[in-house]
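Student: One structure is given below, represented as C-alpha cells, and several questions about it will come after.
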Amino acid sequence: MGLITLSHLIITLQVVINTVHGAPSDIQLDAKAQSTHRLDSLNLLSYTLLLILTVLTIWLFKHRRLSFVHETGLAVIYGLIVGAIIRYSGATSQVINMQVFVDETKYNSSLPPDTLSLYMPKPNPSRNLTFQYVFRNEIDDVKENEIDLKATFDPEIFFNIILPPIIFHAGYSLKRKYFFRNLGAILTYAIIGTTVSSFIVGILMYGCVQLMPIRLATSFTFLDTLYFGALISSTDPLTIIAIFNDLNVDVNLYALVFGESVLNDAVAIVLSGSIQHYGKRYQLGTGGFEIKAFFQAVGDFCGIFMLSLLIGAAMGCITALMTKYTRVRDFPLLESALFVLMSYSTFLIAEASDLTGVVSVLFCGICQAHYTYNNLSEDSRIRTKQIFELLNFLAENFIFSYIGVSMFTFPKHHFETWFIIAGFICAAIGRAANVYPLSFLLNLGRHPKIPLNFQHMLFFAGLRGAMSFALAIRNTRSEARQAMLTTTSLIVIITVIIQGGASMNLLKWLKIPVGSDEETEALSQNGGHSVYNSMERGSAGNSTPRSDCNEPFGAPQRPTQNEKALLARVWGSLDSKYMKPLLTHSRPTLLETLPVCCTPLARFLTTTEQLTQPINAISGHQV
C-alpha cells in the first residue's frame, strides 16, 4: 500500500514539474510582478522616510529656534540627497527594452499612438500572444534604471491628487476679513500683475533666446517663452506665510502676500491654458500674429476663469444647503466624509468640463469656510480643519521633496546654461514689474499707502514652488520644454532654499513690525450655529483681532467700513441680507430681509434653528 502511494506521489510530482516547465513564462511574470511591487514599495518608502526626516528636523529647528533654513528648503535639500543616492547607487535593475518598428504607412508618426499591440510567438502552441502597451513617455536612453523610472511620478498625480488639498486648504484657511479689506490690491497684483509679469518674462526670454546659439534659438518659439513666462510667474506662499505666522507679521501684509500668491496660481494655470489654446488656433492660420486668435485666447482666459469660479462657489453653496437642511450633522463622520467628497468633486467637475480645477477648488474652499463651516457639528469642524491642514502639510513637503529627487531621477532634464541664467534674471525682472509699478498706481488712490519696505517684502516673497513645477513637468516632449523644466526646477530650488531661509533676517532689515496678537480661531462653545461660528471668530465673538494691535501698515486707528474695498462693501451687504440667511443658520432671517411678497418662500427656507437664535446674533459677520 505504501509503495502504491509513493508511486502516485512520484507521478504527481512529474506532472507538476512538466506543467511548470511547460509554462516558464508564468513563473517569470510572477517574479517580475514581485520585483515591480518591491520597487514600488521601495520608492514609496523613500518618500515616506523623506517626510519623516523633514518632520523631525522641523521639530529640532523649532525646538532650538534655528531660522536659517525653512521646512520647504529642508524638504528640497533632502530630496536632492536621496535623488543623488538613487541615481548613482549603482543599482543593476535595468528596464527590458524591445525595438519595435512601424510598418503601417497610414499611421501619422508626428504623434505617438495611444496603445501599442505587440505580437509575441508562443514556445509550443501555434497561435501568438498579443500584449497591449499604453503610451507613457518618450525615452532617450534605453538603458535607464528601473528605480529611476519608478521614482518619477506621473504629472497628472500632481494635478489630480496632490494639488487639490493644497489649493483647497488655501481657500479654507483664508482670513477673509483682511483678504476682502485688501481685495483691490490683491486682485491687481494677482490678475494684472501676473499677466504683465508673464508677458514681460516671455518677451525678454524670447529676445535672450535669439542671442543664444542657433540650435537653441531655433528650438524655441515665442509661444514657448510666453508659456514659460506664465508658469514662472506663479509664486508659492508656503515658506513665507509659515514664517509670517510664526512671527505674527502685520495681517494686511500677510493678506497681500497670501492672497496674491494663492490667486496668481489660479491665474497662471488659466493663462498657460489660454496660451496653449492660442497655439492651436495659431497653427491653423497664416503663421503670423492673428488678432482673432489673440482675442479668442483672451476670451478663453476670462471665460475659463469665471466659469471655474462659479463652479467652485456653486459647489460650496450646495454643500452648505445640504448641511443646513438635512440632519447629517447628527452623524459627524458621515458629515465630514460628505464635506471632503463634495470639495474634491469640485476639482474633478471643473477638470472634466475642460475648465480649471485649481480655480474651482480655491473658491469652493472660500465658500465652504464662509458658509458650510457654520452648519457643521463641532466634531466635523475640528476634523475637517485638521484633515486639510495635515493633507496640505504632507502634500506640500512631498512636492518639494520630489522636486529635489527629480533633479537626478527625471529622465527629461536638459541643461542649457545660458537659458538657465536668462531664466533667473527675467523671472526677477518680471516679479519687479508686478510689484513696484502696480504699487505706485495703487498708492495714488489708496489709504493707507503701501510703504516701500512692504513692497520690497512683496517682491522678495515671490518664491516659485509647486504650481510652477507642476506646469513645467506636464509636457516634456520637446527639447524646449525639457530646458524649461530644468530651469524651473532650479529656480524653485534656489528661491525656496535661499529666499526662504533669508526671510526672517529680511523682515528685521526692512524694519517690518512683527509680534502682533494672533487672531483667535477657537470654536464656539455654545450650541448655536450662528454666523459667529466662522473660522475667523473667537469663541464668544469678542476676540481681539490682530489688526487692533497693529493696524494696516502701522496706522493706530481702528479700521472703519470705508477702509474696505468697494467690491467688498457691496458684496458684504448682499451677503449679510440674503446669502448667509439662505445658506446658514444666521440672523437676520429671510423673513426679515426679503420683500413681503416672498414671505411663503422665506418661511420655507427658514429653519427652526434660525428662528430660535439669540437676538444678539443678528448683526452678522464682518468680511
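Yeah, the Cβs are placed from backbone N, Cα and C, and that goes for glycine too.
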Student: Which one of 336-354, 393-411 shows up in TrEMBL as transmembrane segment?
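Tutor: TrEMBL lists transmembrane segment for residues 393-411.
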Student: Is the count of Cβ pairs under 8 Å between the transmembrane segment (73-90) and the transmembrane segment (417-442), pairs 6 or more apart in sequence, 3 or more?
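Tutor: Since fewer than 3 Cβ pairs under 8 Å link them, the transmembrane segment (73-90) and the transmembrane segment (417-442) do not come into contact.
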Student: Any chance the transmembrane segment (186-206) and the transmembrane segment (41-61) have 3 or more Cβ pairs under 8 A, given the pairs are 6 or more apart in sequence?
Tutor: no
Student: Are the transmembrane segment (393-411) and the transmembrane segment (293-321) close, by which I mean at least 3 Cβ pairs under 8 Å that are 6+ residues apart in sequence?
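Tutor: Checked: the transmembrane segment (393-411) vs the transmembrane segment (293-321), no contact.
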Student: Answer yes if the transmembrane segment (226-244) and the transmembrane segment (485-507) have at least three CB pairs under 8 Å among residue pairs 6 or more apart in sequence, and no otherwise.
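Tutor: With 3 or more qualifying Cβ pairs, these stretches touch.
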Student: List, by number or range, the same-chain residues at least 6 past the transmembrane segment (485-507) whose CB is under 8 A from its CB atoms?
Tutor: 67-70, 72-73, 76-77, 80, 228, 231-232, 236, 239-240, 243, 247, 249, 400, 403-404, 406-407, 410, 412-416, 419-420, 423-424, 427, 456-457, 460-465, 468-469, 472-473, 476, 514
Student: Could you tell me what the rest of the chain brings near the transmembrane segment (293-321), counting residues at least six beyond its ends with Cβ under 8 Å?
Tutor: 266-267, 270-271, 273-275, 277-278, 281-282, 285, 338-339, 342-343, 345-346, 349-350, 353, 355-368, 370-372, 375, 583-584
